[in-house]
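Enquirer: Below is one structure. I have some questions about it.
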Amino acid sequence: MAGITTSFPFKTIPTRPTKTIPLLLSSLQSKLFGIHVRNPNSFSSPLHCSATINARYGADSRFSPPGRSKKNDEDQALDLSAIRSDSVRLIDEEQSMIGIVSKSQAIQMAEDAGLDLVILSPDADPPVVRIMDYNKYRYEQQKKKKVQQKKTNRMDLKELKMGLDEARQPLSRKVPIASSKINPYRMVIVARLLILAFFLRYRILNPVHDAIGLWLTSVICEIWFAFSWILDQFPKWFPIDRETYLDRLSLRYEREGEPNMLTPVDIFVSTVDPMKEPPLVTANTVLSILAMDYPVDKISCYISDDGASMLTFESLSETAEFARKWVPFCKKFAIEPRAPEMYFTLKVDYLKDKVQPTFVKERRAMKREYEEFKVRINALVAKAQKVPPEGWIMQDGTPWPGNNTKDHPGMIQVFLGQSGGHDTEGNELPRLVYVSREKRPGFLHHKKAGAMNALVRVSGVLTNAPFMLNLDCDHYINNSKAPREAMCFLMDPQIGRKVCYVQFPQRFDGIDRHDRYANRNTVFFDINMKGLDGIQGPVYVGTGCVFRRQALYGYEPPKGPKRPKMVSCGCCPCFGRRKKDKKYSKNGGNENGPSLEAVEDDMELLMSQMNFEKKFGQSAIFVTSTLMDQGGVPPSSSPAALLKEAIHVISCGYEDKTEWGSELGWIYGSITEDILTGFKMHCRGWRSIYCMPKLPAFKGSAPINLSDRLNQVLRWALGSVEIFFSRHCPAWYGLKGAKLRWLERFAYVNTTIYPFTSLPLLAYCTLPAICLLTDKFIMPPISTFASLFFIALFLSIFATGILELRWSGVSIEEWWRNEQFWVIGGISAHLFAVVQGLLKVLAGIDTNFTVTSKTTDDEEFGELYTFKWTTLLIPPTTVLIINLVGVVAGISDAINNGYQSWGPLFGKLFFSFWVIVHLYPFLKGLMGRQNRTPTIVVIWSVLLASIFSLLWVRIDPFVLKTKGPDTTQCGINC
């Protein structure tokens, strides 16, 4: 058995001493690794404190030192023998200062007034005394304190009642869009639908007889665009915002003096290739997770290394050591964000709201620690650039089990844990677990979906938190309270039980200010997703999502059909509930004797166990965890048994003949497993929530280079095509159960058919050039009345966009960039996705995709200007060139034919310029860096040069003009 020594962090048996548990591999012949993660010795120190309370007059026993009676207090205030000075400072009964007098004179004046001489300050020089009725003074003081105590009790009761009332309030609420914004928007949508119907009727009933092919192509394209617009538009009919109340969450689940009742969360981070997904990026994500604002004993971070890379393993070991210093620094000064790379590069006033005098000093020291940490990580990366011929060797001389990335055992390593991981201040750190599932030749591993399902099973065995957050390795936690935001929905007693997941919008760093290729995707995240939230919830987008574990296990929401209940004989702790005792059988015999009912119970138990094994796999511990609604691990399981079972559930053959990937966990069958996974849960009747906190919850990186961006879009589009041709196609899947709302189904259908829009879009973008080159047009000459349809259609399109921006808050620049990239991606990446999808379905030709590179350029936005040739650039380049040629040819022809040809030309030119303007960012990408000749100058230079060249050839001033014979009169024989 191979292993890496570590202390196991899971507190299943509190009385058992902590043991050193090795990292387990599925290969029993492997040797122990040579890397050890050592934890500092725990320590405890008693806290000694003392308090001294002085009662000046002895008026109230509540302020008396322990062990003294009220009589002693009175004597202390009236005991003049305690004053050793011969003189005192005297205050009379009217509280007027008499001055310094002898002690005997002060006593005589008090006796003459018939009052007491009370010591006010025996330690002063001279001591201060006052003439007063001491008994009356004590009575008044007691009376005042009773009144004050009553007021305090009333205030405490009122505050307690207010706190309880506040705790009973909902943890979140819907914030509907203002009617002044949403109602005009809906009216314009209805008007646009009617105008579109009249427009299409006019187009169909008025063909162009001398260009029937162009007309028919354009009409088919326009009908498809109308259908696509309906699928995209109507799911945005009920947009909503949401508001969370973190203070109510704390009042309800984090009461002072009581155990913290917030639900545990398992966090999944997936990575594959450390060369394309730099370890420093992954380390920052892990550090932001370990430092987030959530109880440390309720956080477990699992890192999936699907490439079995020793570089990732060693980088994670370094990250665990640095976390011991970084986590307490973050929590002490409440910094945001808690990913060190982003925090130290943030261009803000880091002294704002920081009043601790040691902050500047500790921040400077922490920055030095982080720079040293980066040096160590970069040294590991540099070392990993050249793989030794014999493969990587561990410190003890044994080979790294993952040297063959396609044939290696499963590996699990616990770096930090509840009993084994402490920071520099002695506080516990969250769990940090490294997981690399087993891979063998001949087995399907299902890429990211398979890795995520392996993490679901491992976490179900080791920690089994009711909720799971999944993140890409480059998506760090930007808002440390993000998990609390999700808990406001998932733990809300009113709506939480029906929520399968809470999706956060994706936000990105490192994108140029103008967002040339719509990398931020703001229109989708701020408009479409808000609209879906008002129906049945947003789609799952692959990262930044908090899941309910029971929903991923294929169970239905509470109001649906109940989960199957298992019966148990009581001897096995791994299955269900104990069957009820029955004294008599159906045939009247005693239970101890043979009976038909006993046989039926045994058969029911056997079938129940077989059904659960067929569904979840042959792991009794894991099957038991799936039945625990509130999470937690079986109390009778030892840490060693849990680790052994965790290795078993990530073996490459575990999913055989189970429902993993078809009904459970992340769904297989498409490279966009996120869409399928969310779709299956919505079909079962669950709903999802869209959470948009003011401070973005997560931030990541996006490919800003044109070629990388198109390849990313190609992967998404191909996944949608695969779903369209699969049994999970939203157009018909789940129609029988009718648990998916129709507008939600519209949205899912749109996510699968949008790549097919590339076919009519490519044809429509080619039509302007063909019209200009052939002197034909897709429409007949229109009358004044018919022109109203076109004007109304364009006005309704602009009005819809403007009103949409008004209620969503998206800027017009972001909206326009999205429109431009819709055309760029549509005639390139989407087109290739349709072709590759058809090849896969018809010919079985599969396509392999590489991981999108997360590396950054040293120069700001340097990657933006890098030109990488790919076949995806061919279609848009061709469309752009033929439209430019068409414009030149059309203008030249109009100049040649005279004034009367300019009228029809304007419609064709407008059509062609519409295409060129949408492809303008693509052209900028081809032109290269910004410091070169401006793109617009190049465009106009080409156009004007071509036009003037043709005009020059037409005029030909250097050739004499001679008149020839009139061919119309004498014919060919002239």
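Keep in mind that glycine also has a Cβ here, set from the backbone N, Cα and C atoms.
Annotations per TrEMBL:
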| type | residues | note |
| --- | --- | --- |
| DOMAIN | 82-146 | domain 'Translation initiation factor 3 N-terminal' |
| TRANSMEM | 182-200 | transmembrane segment |
| TRANSMEM | 212-231 | transmembrane segment |
| TRANSMEM | 753-773 | transmembrane segment |
| TRANSMEM | 785-803 | transmembrane segment |
| TRANSMEM | 823-843 | transmembrane segment |
| TRANSMEM | 864-885 | transmembrane segment |
| TRANSMEM | 905-923 | transmembrane segment |
| TRANSMEM | 935-955 | transmembrane segment |
Enquirer: Taking the transmembrane segment (785-803) as the reference, which of 182-200, 212-231, 753-773, 823-843, 905-923 gives the largest number of Cβ pairs under 8 angstroms?
Expert: 182-200
Enquirer: Mind checking which residues reach the transmembrane segment (905-923)? Cβ under 8 Å, same chain, six or more beyond either end.
Expert: 516-517, 706, 765, 767-769, 771-772, 777, 779, 817, 819-824, 876-877, 879-880, 883-884, 886-887, 890-891, 893-894, 935, 939
Enquirer: Mind checking which residues reach the transmembrane segment (182-200)? Cβ under 8 Å, same chain, six or more beyond either end.
Expert: 176, 219, 222-223, 226, 229-230, 233-234, 237, 239, 789-790, 792-793, 796-797, 799-800, 803-804, 806-807
Enquirer: Could you pull out which residues elsewhere in the chain have a CB under 8 Å from any CB of the transmembrane segment (823-843), counting only those six or more residues past its ends?
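Expert: Residues packing against the transmembrane segment (823-843) from afar: 517, 710-711, 713-714, 717-718, 720-722, 724-725, 754-759, 761-762, 765, 871-873, 875-876, 879, 915, 918-919, 921-922.
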Enquirer: Taking all residues of the domain 'Translation initiation factor 3 N-terminal' (82-146) together, what is their mean pLDDT?
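Expert: Mean pLDDT, the domain 'Translation initiation factor 3 N-terminal' (82-146): 81.
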